[in-house]
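See structure below.
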């Protein structure tokens, strides 16, 4: 089965072709970072317009690279939610227009399910069941993943997502956009232990997270150091303190989730899953505590069409009736992942 995947939930336009026998054939991605940088964040209207401009050229690119024609495609999967409403509508419209023209069925995919399943795109995919740490700019959750469509929330953030805390810390320190990579880069030059920040909910006894207090601690510390006049080394030390605190909490909660479930396999997904410090901490813990940890390829940590094509293919293998040719669609800017059970 050959599935075309289309991702357009926020500020990346991604298209990909995934075959259930041959794997990922091709994927192409356009990031809008440069366009949104001058605004310091994503502007929804600009994001939607750019998805319109990029979708068809990316389609031509992936089909050429995969050596496929429209007649070879069995179904089209697209991100139905959650995300920015206008951006989602662009991807859904493109998917259903192509499907109507080519007489193909479509299937709407949950964006976070795509992230959860993205580590299955590696050469040696993790078997079910596993614990997943889903950590991005909009979400921070620990999930028990029993199979495709069978998800249980073990813990989640009570306020800011981890990626949001990274971005806000970058703004507080006067760093560039996107903030997450900039904070991580600056932290590389920080002195370990020079700044020690609180570890919110580290000992709460549950698997939930909170990052708003950590963000406030960064603000308070930055003001003490001179606010806008803070020197570069002080910025680096503060960035290091922030990253160390965030990573320690994420790693500790992940280990607690493995202990609670009795599972020995952890999957890390989402944009923050590309963070080097987080990967190193979890990999070191895996060696010490004898469990397995899996990551998607760095190129697939960000939003992408490959994960949507994969999720669509896996769902259609299990439940062929989930696709259709009526081409009447809705998008779901807010959508609970656990509602997908089946």
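Note: Cβ is positioned from N, Cα and C throughout, glycine not excepted.
The Fe cation binding site feature in Swiss-Prot is assigned to 111, 115, 303; the stated evidence is sequence analysis. Sequence-distant neighbours of residue 115 (Fe cation binding site) (same chain, six or more apart, CB under 8 Å from its CB) are 134, 136, 269, 270, 307, listed in sequence order.
Summarising the annotation, Swiss-Prot assigns substrate binding site to 134, 135, 136, 137, 138, 167, 180, 275 and lists sequence analysis as the type of evidence. Cβ neighbour count for residue 138 (substrate binding site): 17 (other Cβ atoms within 10 Å of its Cβ, all protein chains included).
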Handout entry: DSSP three-state assignment for residue 134 (substrate binding site)
Key = strand
Fill in the blank from the handout: Looking only at the binding-site residues 135, 180, 275, residue 111 (Fe cation binding site) has its closest CA neighbour at 135
Practice task
Enumerate same-chain residues with a sequence separation of six or more from residue 303 (Fe cation binding site) and a Cβ-Cβ distance below 8 A; give 'none' if the list is empty.
Solution key: 7, 9, 10, 11, 12, 14, 111, 271
Practice task
Could you name the residues, excluding 111, 115, 303, of the same chain that surround the Fe cation site, i.e. Cβ within 8 Å of the Cβ centre of those residues, in sequence order?
Solution key: 7, 9, 79, 112, 114, 136, 270, 304, 307, 308
